[in-house]
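**Student:** Handing you a structure now.
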């Protein structure tokens, strides 16, 4: 089996060949993955914003952005620059410290969660044994920032939006965790790398989408609720509470909420692809393709091609899910707050618990198919 390309080892070895000491080469590697993570997440957000505008325009028989760059691809960049230079206003009776800290608490955990997202066999910043559990834990911090922002704004609409965000997150965090736990039970690990490897070897037939159809639906609904996407955008419903917790924000602080929302959407799509769609795995096993073509598994060129295809497959799967989320925005109407809570507590929670127990029973009965 091809173990993939070792980026860290190759980078350090290249610097050592240039004459740098081993310690210096390793020190230069340390900040590089985090820097690339931030750059990649930011570029991903710009692409998603442009795609959402174009897809939304097509759904409404409009053109969408077209003047800022070819096909309007620079429109998200222009919007970002506009937000950076806008005046940052803090309401007179707001709590300035909590008002400023709120957006940071919303964005920071989302960026940190990218540490455990693998794009290939060795293309991950840190392969933690509890990687997927870390993502669930970090996703629980963002609602605290939203509630803090709503409370600190000293605005009734902002406070109501923050309370809605907290209630929504608590309602859907548990079904989300149960659906992830079912995957971890089948994979015998909480590591994102191990979860993808458990789906390898049989191509598309080995993906968890076939073994966890109920968990897949629960995870997707809960992920949309966690990202506050329609039909679950009650914390910032314009027709009801102006802009929710964002009402009093402007400038870069408002931009942080904007960026955090889309970064979280891309992150949820990536995690979905890792858990249910085989992550970086190709629909046809590349090892078998290499064998049919007579290519050596240890060939350096095959390692480079495998790494490139792994990144491409992961990104394509994630953006396909983003495309579905954008279509849902213009297809499904917003639910009421009572419908939102009833769906989470009275339907998704018991169904996710039954799915978890059923997965445990199937693992004992059919250990080969369910990772026993």
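Just so you know, glycine gets a Cβ as well, placed from its N, Cα and C.
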**Student:** Given 176-196, 281-301, which one carries Swiss-Prot's transmembrane segment label?
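**Tutor:** It is 176-196 that Swiss-Prot describes as transmembrane segment.
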**Student:** Pick from 204-224, 225-245: which range does Swiss-Prot record as transmembrane segment?
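**Tutor:** Of the candidate stretches, Swiss-Prot labels 204-224 as transmembrane segment.
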**Student:** Name the residue range among 67-87, 130-150 that Swiss-Prot annotates as transmembrane segment.
**Tutor:** 130-150
**Student:** Should the transmembrane segment (308-328) and the transmembrane segment (347-367) be scored as in contact, given a threshold of at least 3 Cβ pairs under 8 Å and pairs 6 or more apart?
**Tutor:** no
**Student:** Residues of the same chain, at least six outside the transmembrane segment (29-49), with any C-beta under 8 angstroms of its C-beta?
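**Tutor:** Distant contacts of the transmembrane segment (29-49): 8, 11-12, 75-77, 79-80, 111, 114-115, 125, 259, 262-263, 265-266, 319, 322.
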**Student:** Let me spell it out: take the transmembrane segment (254-274), skip the flanking residues so only those 6+ beyond its ends count, and list any with a Cβ under 8 Å from a Cβ in it.
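**Tutor:** Distant Cβ neighbours of the transmembrane segment (254-274) are 41-42, 44-45, 48-49, 80, 83-84, 86, 103-104, 106-107, 110-111, 113-114, 117-118, 132, 135, 139, 142, 149, 192, 195-196, 219-220, 223-224, 226-229, 245-246, 314, 317-319, 321-322, 325.
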